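Structure, as C-alpha cells:
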Amino acid sequence: MKVITCEIAWHNKEPVYSLDFQHGTDGKINRLASAGVDTAVRVWKVEKGPDGKAIVEFLSNLARHTKAVNVVRFSPSGEVLASGGDDAVILLWKLNDSKELEPLAFQDEDEAQLNKENWTVVKTLRGHLEDVYDICWTSDGNYMASASVDNTAIMWDVVKGQKVSILNEHKSYVQGITWDPLGQYIATLSCDRVLRVYNTQTKRVAFNVTKMPSESGAEGEARSYRMFHDDSMKSFFRRLSFTPDGSLLLTPAGCVESGENVTNTTYVFSRNNLKRPMGHLPCPGKATLAVRCCPVYFELRQALNKGEVSQKSSPALLNLPYRLVFAVASEDSVLFYDTEQSFPFGYVSNIHYHTLSDISWSSDGAFLAISSTDGYCSFVTFEKDELGIPLKEKPQIHVRTSVVTEKKVKKSQPNKVISPGSRLTEGTSLSTPTLQPKTPVAAAKDLPSTPVGIKNVPVSSSEERKISQPASQSTKVNQPRRITLNTLQAWSKTPRRVNLIPLKPDTPASVYTDTVPVPPSSEQEHERPLPSGDSLQNPPASKRPRTEEMPLSVSAEDQIGCKPNK
C-alpha cells in the first residue's frame with residue numbers, strides 16, 4: 001500500500017468536494033470525475049505507472065453549473081455522470097463521440113480547446129430548492145436519489161427525467177443518501193441526528209434510528225443518548241453506504257457515549273435488522289464522514305498456521321462466503337476494514353492540511369482516491385492481490401423490480417414540499433439499461449442478524465416510527481369527515497430498559513493493534529506551502545460561486561506524475 005498526493009491544482013486550488021471513479025468499462029480506462037468550489041466538473045484518466053505511482057491525465061472540463069459542485073457520481077454502467085451543486089440542480093452528462101463541442105456560453109474557449117473528450121448535458125433534473133449534497137444510483141441505473149439542504153431527498157426516474165417521490169421527514173440538512181443494491185431500501189443521514197430508512201415501494205419510512213440507551217443514568221432511571229453528531233460536525237457531508245451485496249449498511253458521523261467519554265465511530269447495521277446497529281467501528285481521531293466499499297469481491301483468507309487463528313483472528317462482521325473491503329474516511333484519516341474482522345487492517349493519516357471530503361474506489365480495487373478541501377487529491381495504491389485474491393465470478397444477487405412511479409393525476413398533498421417541476425433539457429434521451437435481475441446464491445434471510453463475537457448495541461424502541469392509520473370516514477351524508485390528529489407523544493412507546501455493555505476506556509487504542517503503518521514517504525512534509533492557520537481545527541471555508549473565469553491549471557498535452565509525500 002502506497003500513499004501519494006498529486007501536485008495538481010485539481011480545481012484551481014479551490015476546495016475539492018467530491019470525486020468518483022467510473023465503473024462498468026471493463027477496465028479499458030480508469031476515468032475519475034472531480035468537482036469543487038470552482039463550479040466545474042473535471043474528468044481525468046488515472047493509470048498506474050511501472051513504479052506503482054499514479055499517472056493522471058486531464059481529459060475534459062465540464063462547465064455548466066453556476067455555483068459550487070458538491071457531488072459527482074457515475075451510473076453503474078459508467079455511461080452517465082450525475083453532478084449536483086449549490087445551484088440546486090442535478091445535471092446528467094454523457095460522453096459525446098462527435099466532435100461537436102459544448103456551447104461556448106458555458107465554457108471558456110481556451111479551456112474548450114484543451115478537452116480531449118466531449119461531455120454534454122442530456123438531462124437537467126430540477127426539484128430541490130437548495131444545495132444538492134449527495135447522489136446515489138440504483139443497480140440498473142434507471143433511478144437515482146438525491147439529498148439536499150432543503151431537508152428533503154428526492155427519488156428520480158432517470159429515463160423520464162421526472163420526480164418519483166419527495167421524502168421530506170428530515171428536520172434539517174440531508175447530507176448523505178444511499179440506495180440499497182437489492183432495490184428495497186433508501187437510507188438517508190441528516191444533521192438532525194436521525195438515520196431514516198425508506199421502503200422504495202411504499203415511499204414511507206421503514207425505520208428511524210436516532211438514540212440508544214445509556215448506563216450513565218441513576219439506578220431506576222432510563223436515559224439515552226444520540227447516536228449521531230449534530231450540526232457542529234466540521235463537514236458538509238455524511239456519505240453512508242450499503243455493501244455491494246446489500247448485506248450491511250455502514251453509517252458515518254456516529255458517536256458513542258460511555259460515561260463522560262464520547263468516541264467517534266461508524267455504525268454497522270445488518271440488513272436483517274436495520275432498527276439497531278449490530279456493532280460499531282471506533283475512530284480515535286476526528287468524526288467520520290464517508291464510507292465507500294470496494295466493488296471487488298475477494299476470497300476468504302486462508303489460515304497459514306492453525307495456531308495463529310486463535311491468537312490473531314478477530315470477530316467477523318458477518319459470516320459471508322466471500323470477503324468485502326471498505327474504507328472509512330474521517331476528517332483527517334482513512335481506515336480500511338473487511339468483513340472478516342472488526343479491526344482495521346490499514347490506516348492512513350496526515351496526508352492533507354484540510355478536512356477530507358470524499359473517497360472512491362477504482363473498478364479493479366487498485367486505487368482509492370481521496371479528495372480534500374485543501375484543493376488537492378491523494379491516491380492509495382495497492383499491488384496485485386494485496387487486498388486479497390478476487391473471486392473469478394461475482395456472486396449473483398437478487399434485485400427487486402423497479403420502483404413504482406406516482407400517478408400523474410393526484411390530489412394535492414399538503415405534506416409534500418412544493419418545488420419547481422422537473423423538466424428536460426437539450427436533447428439526447430438516456431437509453432434504458434438492460435441489466436437483468438440475477439438469481440441469488442443464498443437468500444438474504446439466511447444471513448445471520450448477529451454474528452458470533454459482535455456485541456449488540458441496543459436502541460430504544462421508543463424511536464421506532466409508527467405510521468398512523470387513516471381515520472375512518474363518516475357514512476352520514478352531507479357531514480364532514482372526522483379526522484384524528486395524532487401527536488408525536490401518541491406515536492411513541494414507553495421505552496424499555498436494556499443493559500448496554502459499556503465501552504472500556506482503552507477501546508479506541510486497542511483497535512489499532514493490527515493496523516498497517518503508513519509508508520514512511522507519507523510522513524514527510526509536502527512540497528506545497530502550508531496554509532495559514534490550523535485548518536483541521538476550523539470548518540471548511542464557506543461555499544461560494546466562482547466570481548471570475550480562471551485558467552485551467554493543466555495542459556492537455558501533459559501527463560502529470562504524482563509524487564509521493566515528502
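Cβ atoms here come from the backbone N, Cα and C positions, even for glycine.
Copied over from Swiss-Prot:
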- 425-437: compositional bias 'Polar residues' (COMPBIAS)
- 469-478: compositional bias 'Polar residues' (COMPBIAS)
- 411-481: region 'Disordered' (REGION)
- 501-566: region 'Disordered' (REGION)
- 11-54: repeat 'WD 1' (REPEAT)
- 64-103: repeat 'WD 2' (REPEAT)
- 127-166: repeat 'WD 3' (REPEAT)
- 169-208: repeat 'WD 4' (REPEAT)
- 228-279: repeat 'WD 5' (REPEAT)
- 351-392: repeat 'WD 6' (REPEAT)
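DSSP places the residues of the repeat 'WD 5' (228-279) in helix, strand and coil in these numbers: 0 helix, 27 strand, 25 coil. Sorting the repeat 'WD 1' (11-54) by DSSP state (H, G, I as helix; E, B as strand; all else coil) yields 0 helix, 22 strand, 22 coil. Between the repeat 'WD 5' (228-279) and the stretches 11-54, 64-103, 351-392, the greatest number of Cβ pairs separated by less than 8 Å involves 351-392. Long-range contacts of the repeat 'WD 6' (351-392) within the same chain: residues 1-25, 27, 30, 32, 34, 36, 46, 48, 52-54, 71, 234-237, 239, 289-290, 292-299, 301, 322-323, 325, 327, 329-334, 338, 522, 526, 528, 530-531, 535-536, 539-541, 562, 565, each at least 6 residues beyond the stretch ends and with a Cβ under 8 Å from a Cβ of the stretch. When pLDDT is averaged over the repeat 'WD 6' (351-392), the result is 95.
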